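Here is what TrEMBL says about this protein:
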- Lys134: active site, charge relay system (ACT_SITE)
- Ser209: active site, charge relay system (ACT_SITE)
- Ser233: active site, acyl-ester intermediate (ACT_SITE)
- Leu183, Ser209, Val230, Gly231, Gly232, Ser233: substrate binding site (BINDING)
- 85-548: domain 'Amidase' (DOMAIN)
Amino acid sequence: TSAALTLLGGSVAALVVWKWLGKKMIQKKMEEARRTRDEGMKKMAKAVQQFREQVPSAQTDAILSLPLLELSGRLQEGSLSPRTVLYTYLEKALEVTQQTNCLRHFIPECEEQLQEIEQHKEKGLLYGIPVSIKDHIGHKGHLATCGLVQCLGTLVEEDSVLVKVLKKQGAIPFAMTNVPQSLFSYDCSNPIFGRTSNPWNSQKSPGGSSGGEGALIAGGGSILGIGSDVGGSIRLPSSFCGLCGLKPTAERLRWVLDLPFQPCPCALGPMARDVDSLALCMKALLCQEMFQLDPTVPPIPFNEEVYSSSTSLRVGFYDTDGYFPLPPCMRRAVKETRRALQAAGHQLVPFSPPRIPYVLTELFLKTFFADGGRSWLDVFTGDIVDPGLKPQVNSCKMPRLVKKLLALLLKPLVSPYVAMISTCRSVKEMWNHHHQIQVYRSQFISQWKELQLDVVLCPVLGPAFTRGYPGKLLTAITSTMLYNVLNFPAGVVPVSTVTEADEEELKLYKGCCDDPWDRALKQAVSGAVGLPVAVQCVALPWQEELCLRFMKEVETLSRDQ
């Protein structure tokens, strides 16, 4: 027995040492990644300083205040040089990241790209425009980390199609921005590069998963950014940070060639300070170069005629999806926008999206947790889980039987995490799940067509949550998630700010049934006076130009008000 006990004690000690060494290894990798990032920032600061010494007269504030279309015009005519614009934005980006921790990495190759475009006689549509890109969008020689330790060792060997097209159009990718760990969150924090905060209020989240982009652009450190969206990851940061953002039909801008088939595909799209910027970006990307580099992208150039049309629209609208009632200010924004559209001569028609609880649990969450979350859990192997993701990770680790018992005993209290038990237990079930998504899309389109709608106006989650709350409120994203399941183009436009009256009304907010989720939402959005308030604009698949045209109309009317 004593020999057995000694062996057992030795095994336990060995296991403890093994775990300790593993943690040490992870810490070392993370520290190395942070050191590389900090060295990059120092290089960036040094390059800016050298430029300032060479060109002390550069009018920084005047350049930063120019809208993208105006800036582009100045660069095209030559009254501003790409070098001056690049260094002005590099300087501002450094300032913004010191406040918000939004940058994951500086792209030193931006100086090579600058020289490259200065030699070209032909100027692309984005000539000289500095562009920021989200962490996982591949840039040659850089990491695509997704905030995960296991991704720290592999540098991207080739620019992604999107980066190649941006460069072809004369844009200068200059920075990669921070993301939440694994991208499956609408907060913005990971154990490697830390937490990104909202430039409007440091206690608030910038949203996610394109949260670094949201913070950088809202803080004035970038004029155009590229994000991605699989449940609201472009639209939520746009809402939280007061930006315009577009999630196109997923296949309109592809970003890698070898993505597996997904019933709710990931869409890439632009984020900026106004709708015209989004339109210019889409126009630049939807070019011959894109269609040649990626033959799976339909060769449909941007339709300028649709975007600049001024015919009146037939607009469906709703201010709640009947599942997760949004704070009073978000519903107010829809009502005010509806009245402004009506006064401008558009036809407004009540519209009600069908069966949202079913879409969330049976269609959306089942797409990601079809295997009970095992594939998702795999990405955390040999990693430290970010605190904001622990509730989801722990619920995925629960045995299926425990989840089922919790679902029965505590429904609806644990619905967000127990939703993750909606697994596909056979290939037949998986095919049936894909079929159910197609059936829902068909029904939704039929309802849209019956009402003869052009576009839909609806709410988006907001205002910005207090940091840490997105992890507690996974199911609050129904307003955006719906249009990922449908694969419709959807964009966000800021139209107002939170008022004292909104804050007072929030005190009376009971949500759906005054349960812990409703109370958590109330806490998440309180203390938001002065923060941006947005609405969501939606069109049918492949109608990005119509979606943008509607967003432009909403933007113009809100500015007039």
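Quick reminder: no glycine exception, Cβ is built from N, Cα and C everywhere.
TrEMBL does not curate its annotations; it predicts them automatically.
Recorded features from TrEMBL, shown on the structure.
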residue: Lys134; record: active site, charge relay system; Cβ within 10 Å: 28
residue: Leu183; record: substrate binding site; Cβ within 10 Å: 23
residue: Ser209; record: active site, charge relay system; Cβ within 10 Å: 33
residue: Val230; record: substrate binding site; Cβ within 10 Å: 22
residue: Gly231; record: substrate binding site; Cβ within 10 Å: 28
residue: Gly232; record: substrate binding site; Cβ within 10 Å: 31
residue: Ser233; record: active site, acyl-ester intermediate; Cβ within 10 Å: 33
Output field, substrate shell: CB within 8 Å of site CB centroid, site Leu183, Ser209, Val230, Gly231, Gly232, Ser233 dropped: Phe184, Ser185, Tyr186, Gly208, Ser210, Ser228, Asp229, Ile234, Leu236, Cys266
Largest CA-to-CA spread of substrate binders Leu183, Ser209, Val230, Gly231, Gly232, Ser233, angstrom: 11
Taken over the domain 'Amidase' (85-548), the model's mean pLDDT: 93
Residue among recorded positions Lys134, Leu183, Ser209 with Cα closest to the Cα of the residue listed as 'active site, acyl-ester intermediate': Ser209
Length of the line joining the Cα atoms of Gly231 (substrate binding site) and Ser209 (active site, charge relay system), in Å: 9
Minimum Cα separation from Ser209 (active site, charge relay system), reported as the residue among recorded positions Lys134, Leu183, Val230, Gly232 that achieves it: Leu183
